[in-house]
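To start, the structure itself, in structure tokens.
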């Protein structure tokens, strides 16, 4: 599939604390306060926005944002950043309301994957694949790539080995920097579950499109990344690997003996050279898997994707050579590795110190006034590829080259004219009696007569009515 639609779902960590750092509100209460404007706008904590994205409160009081369908990976990054901005404003407004009510409380939203209590949050990637392809063949080739790509696209973090049974906490092993903390929360290679037995690839068959033509590949192993370069690489490299697999040509035989053991071993080896047992009885390394896939997909990349290959290679080389000079200002794991070691050395503490844990959380805070990552961007120590105008435009404008364009048109028109409506990924409908739903099962559709008729119906039904003000966005 040369042209592919994809999307990103991000679960945010939510905490509400007093000025002294103690908990001010339980997550459920904080979530209710956070979503108050959302519920006021859509009478629900689950809404689709003018940019065709979905903003909602997931199970467990996790705020979540799902981008609209994108067929350009930089547009996906812009749409993802737009979600960060919207949630950051919701958090700031909620904090202001709490202060006006006399409460010492600040709501923080964290774009990370593990909190201080060990709770895990997801960053789920979605890729459109052809139903006629051999979906059961995908994991065999895709899993080694997904297990090892953390050496380039991981968010980085610190783990401390648990003490032996019955041993005191102080006897736990030394804290260690890893490519990805998410790796410790994967329990299966392939499964239809998403939480209790969290897999690398989720196989639940929900295509959000014509089920006779399409299937949705749901990858839930990824880290939530603050760096635009890291986020872009996650999608652009995976897309290239999928194209190679779909081509039907000979592929690198890199199947691993135990994907879950391998993903944990790769996370802890910052040299990328730990021997990983393969299914055929041999061994490989994370660097070898990534390099072989990069070399293999080169022929599938067009001229506009040469920068993806170059950036991918620079990421691999940063691990292979140990020279982090480029990676430490572009890739999340390397930015954090340098930052954490600098702070630990300056304070005379090890990586297991609570100050480093607080620094990790602050790095992933999406509030630009609180975020360590945003501070690094302002100092030129972290990448800022997309200009502000593009991110701001993505807050209210859906991608124009996918089905999202149609959904965005309907939501925008309905909100502007005060017309009640219900939409989801495939269906658009007004909520008046007798209204017929319009289905858009082709994710690539940007024009549809039935949608044009629905837009005319919205305008006609609102004739003479005052326009509604724009909702939060």
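Quick reminder: no glycine exception, Cβ is built from N, Cα and C everywhere.
For reference, Swiss-Prot has these:
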{"type": "BINDING", "residues": "9, 56, 64", "note": "Mg(2+) binding site"}
{"type": "BINDING", "residues": "54, 67, 425", "note": "ATP binding site"}
{"type": "ACT_SITE", "residues": "58", "note": "active site, proton acceptor"}
#### Entry: Residue pair residue 9 (Mg(2+) binding site), residue 54 (ATP binding site) - Cα distance, angstrom, rounded
9
### Task
Starting from the Cβ of residue 67 (ATP binding site), draw a 10 Å sphere and report how many other Cβ atoms land inside it.
28
### Query
Greatest CA-CA distance (Å) over the residues 54, 67, 425 that the record ties to ATP?
11
### Task
Select one residue from 56, 425: among these binding-site residues, choose the one with the most other Cβ atoms within 10 Å of its Cβ.
425
### Summary
Smallest number of other CB atoms within 10 Å: among the recorded positions 9, 58, 64, that is 58
### Query
About how far apart, in whole Å, are the alpha carbons (Cα) of residue 64 (Mg(2+) binding site) and residue 58 (active site, proton acceptor)?
6
### Task
Write out the long-range same-chain contacts of residue 54 (ATP binding site), meaning residues 6 or more apart in sequence whose Cβ is under 8 Å from its Cβ.
46, 47, 48, 65, 66, 425
### Query
For residue 56 (Mg(2+) binding site) and residue 67 (ATP binding site), what Cα-Cα distance in Å is obtained after rounding to a whole number?
12
### Task
Taking the recorded ATP site as 54, 67, 425, identify the other residues of that chain whose CB atom sits within 8 Å of the mean position of the site's CB atoms, giving them in sequence order.
7, 9, 48, 52, 53, 66, 68, 69, 404
#### Entry: Alpha-carbon distance [residue 58 (active site, proton acceptor); residue 67 (ATP binding site)] in Å
15
